[in-house]
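Here TrEMBL flags 70-322 as domain 'PDEase'. For His146, the entry in TrEMBL reads active site, proton donor. Residues or ranges marked as Zn(2+) 1 binding site in TrEMBL: His150, His186, Asp187, Asp296. Marked as Zn(2+) 2 binding site by TrEMBL: Asp187.
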Amino acid sequence: GDARVRGQTGVVSERRGSYPFIDFRLLNNTTLSGEIGTKKKVKRLLSFQRYFHASRLLRGIVPQTSLYLLDEDYLGQARHMLSKVGMWDFDIFLFDRLTNGNSLVTLLCHLFNVHGLIHHFQLDMVTLHRFFVMVQEDYHSQNPYHNAVHAADVTQAMHCYLREPKLANFLTPSDIMLGLLAAAAHDVDHPGVNQPFLIKTKHHLASLYQNMSVLENHHWRSTIGMLRESRLLAHLPKEVTQDIEQQLGSLILATDINRQNEFLIRLKSHLDNQDLRLEDAQDRHFMLQIALKCADICNPCRVWDLSKQWSERVCEEFYRQG
């Protein structure tokens, strides 16, 4: 099992996430439901109000991933794969094994460096790494599909789209950073069940967001909470950080599958009228929304070996919900 999420007894440990842990064992064992329910008192707040007293960041401890415990053969293979990170047949599953489950952190560090974002935004490398670790750890490794590997896969696909000449020639460093951050965090703290499940079970997140883009709103707010907690952008002017937070929300909310027609109709209109002007910030943002939506559901367009694995994972996750 995953040592990061399982204790010595083999039971999934408490998380930093904001919602009550959905324990599927309750569906199979009714005799223990009262006992388990008593033990698992819900004390969590919203994502941006997590257990600050338990945060390693506030204790001044730099999170150490097990990446540095790998031998040079594995590290060498991971570095070699990163040299081909812009290829569509990039095997994210192999890359995750080579980085010992740290594919998202390793990929983001590499891409932020490749795109010159660290220098452009004067980001502190230690703080940046801390933030990436927070994002990766807030994904649920027990989810077959909506986990950190999916986030890394979407981020790699977004990188491929950002390199497309017709788009790349117009993108600003801010556009690139927003695209990568939104891709990395677009499903953060995903419970492994969909919106109808949350609504029908009267989950508190459904009530909080009035049954509208429940998961997407939660992913966005969780991301903002981690950004503020890490203080990654604290050195930037307040109006800049506010704009980044709002644009991140616009990108992540665009992944709501219920809004699919809205974006398809608008894209078709632009293509028919040939009126896309990528010099315009609004049109560039719209194309980033389209790119993120494509990256999020691009699994069937991957090479067969990768596509098949993703199909099996998403079927397994839906089966568990059912």
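Positions of Cβ are set from backbone N, Cα and C atoms, glycine also.
TrEMBL annotations: computationally assigned, not manually curated.
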**Study point:** For Asp187 (Zn(2+) 1 binding site), nearby residues of its own chain (Cβ under 8 Å, 6 or more apart in sequence)
**Key:** Tyr139, His146, His150, Ala151, Val154, Leu215, His219, Thr255
Review point. Counting all other Cβ atoms within 10 Å across every protein chain shown, which of the recorded positions His146, His150, His186 scores highest?
Key: His186
**Study point:** Mean predicted confidence [pLDDT] for the domain 'PDEase' (70-322)
**Key:** 96
Review point. Other than His150, His186, Asp187, Asp296, which residues of the chain come within 8 Å of the Zn(2+) 1 site, judged by Cβ distance to the Cβ centroid of those residues?
Key: His146, Ala151, Val154, Ala183, His190, Thr255
Review point. For Asp296 (Zn(2+) 1 binding site), which residues of its chain lie six or more apart in sequence with Cβ-Cβ distance below 8 Å?
Key: Val154, His186, Thr255
